[in-house]
Structure formats: structure tokens, C-alpha cells
Amino acid sequence: MILGDRDLKYYLEKKWILVDPLTEDSVRENGIDMRVGGEIARFKNVDRPFEEGMNPDDFFVRERGNEFVIWPNEHVLMVTEEYLRLPQDIMAFVNMRSSFARLGLLVPPTIVDAGFEGQLTIEVMGSGFPVKIRRGTRFLHLIFAKTLTPVENPYKGKYQGQRGVTIPKFTK
């Protein structure tokens with residue numbers, strides 16, 4: 001079952017779903033919009049392939065600021081301004097807001113697992129021309145779905161509780 005605006009407001013009021021900070025215009029007809037945070041990680045142009053066991057920091061450049069340009073065909077990691085917490089019976093689908101999608105920006109299919117909490121780090125793929133995006137701009141739309149029963153194994157992975165843009169983590 002997809003949660004509509006009335007459902008979402010109720011879940012937020014009961015604190016079953018947490019979105020912090022929550023702005024008045026964030027709750028939409030069938031989801032919640034998330035805003036651009038103040039940090040981005042750009043993929044470095046390196047001449048060697050990444051292999052598990054290598055330090056992912058060697059492949060990214062982090063930037064902090066209030067506006068970012070996503071260059072043509074560039075892939076970046078962006079973080080949401082909001083911290084999200086989901087219960088064990090709610091998951092979310094992440095989509096690019098249509099205004100940015102119409103500019104050619106893309107996000108890969110992404111799911112937020114039931115039980116997740118943290119700021120979202122999302123890959124954004126650039127368009128055919130540069131696009132400037134400012135901190136605080138609504139850029140993602142989350143569609144929330146209720147599972148029939150609470151999940152047996154809620155998310156407790158390595159990205160649980162993440163804050164700021166989080167580059168890939170590999171464990172042995």
C-alpha cells in the first residue's frame with residue numbers, strides 16, 4: 001500500500017516516520033520531497049580500477065557549500081538535508097523530482113529499506129549540460145509503501161545512522 005499525504009501526516013505526527021527537519025511544503029500528494037544537503041562527493045578521474053580492499057577515499061573529492069554544479073555526464077554523490085527514520089513496516093522508493101529529471105538529471109533505482117535511519121546519500125547522474133543546484137532545493141521525491149507485516153530483518157547495515165555524504169563502504 002502506497003501512503004498518501006493524509007497517511008504520511010499521520011505517521012509523522014505519531015513519529016512512526018521521522019523526517020528532520022520537515023518543511024511545510026515537503027509532504028506531497030503521494031510522498032515526501034527531500035532537499036539538497038550541504039555536501040557532495042565527486043568521482044575522481046583516476047587511471048586505475050577500483051578493487052575491493054582499496055580505500056574508496058582515493059576515488060572521491062568531497063565538497064561543502066551552498067550550491068553545486070553537476071557537469072555534463074558527471075556522476076556525483078549528494079546528501080539530503082533531512083535525516084530520515086523508517087519503522088519496520090515502511091520502505092521508500094527514491095525518485096528524482098520531475099523538474100530536475102526534465103533537465104536530464106537521473107538517479108538510479110534506489111530503495112530505502114524498512115528500519116533505515118540516516119541522511120540519504122544518492123547518486124545523481126548529470127545531463128548533457130551543466131546544472132546548478134542549491135542547498136535546500138527539493139530534488140528527490142520519496143514514495144512510501146507499507147509492508148503487509150513488519151519485516152523480519154529490518155535494515156541494520158553499514159550505512160545505518162549515516163550523516164553527511166557517505167562514500168561506498170566495503171567490508172571483508
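From the backbone N, Cα and C atoms, a Cβ is placed for every residue, glycine too.
Listed features, source Swiss-Prot:
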BINDING   Arg97, Ser98, Ser99, Phe100, Ala101, Arg102, Asp113, Tyr155, Gln162  dCTP binding site
ACT_SITE  Glu123  active site, proton donor/acceptor
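Within 10 Å of its Cβ, the residue among the binding-site residues Ser99, Gln162 with the fewest other Cβ atoms is Ser99. Annotated pair Ala101 (dCTP binding site) and Glu123 (active site, proton donor/acceptor), C-alpha to C-alpha distance, rounded: 13 Å.
Listed in sequence order, the residues of the same chain lying 6 or more apart from Asp113 (dCTP binding site) and placing their CB within less than 8 Å of its CB are Leu86, Met91, Val151, Pro154, Tyr155, Gly157. Cβ packing within 10 Å was compared across the recorded positions Arg97, Glu123, and the lowest neighbour count falls to Glu123.
Once the Cα atoms of Arg97, Ser98, Ser99, Phe100, Ala101, Arg102, Asp113, Tyr155, Gln162, the listed binders of dCTP, are compared pairwise, the greatest separation found is 32 Å. According to DSSP, Gln162 (dCTP binding site) is assigned to coil rather than to any helix or strand. A separation of roughly 14 Å, to the nearest angstrom, links the Cα atoms of Arg97 (dCTP binding site) and the residue listed as 'active site, proton donor/acceptor'. According to DSSP, Glu123 (active site, proton donor/acceptor) sits within a strand segment. The two recorded residues the residue listed as 'active site, proton donor/acceptor' and Ser99 (dCTP binding site) have their Cα atoms spaced 17 Å from each other.
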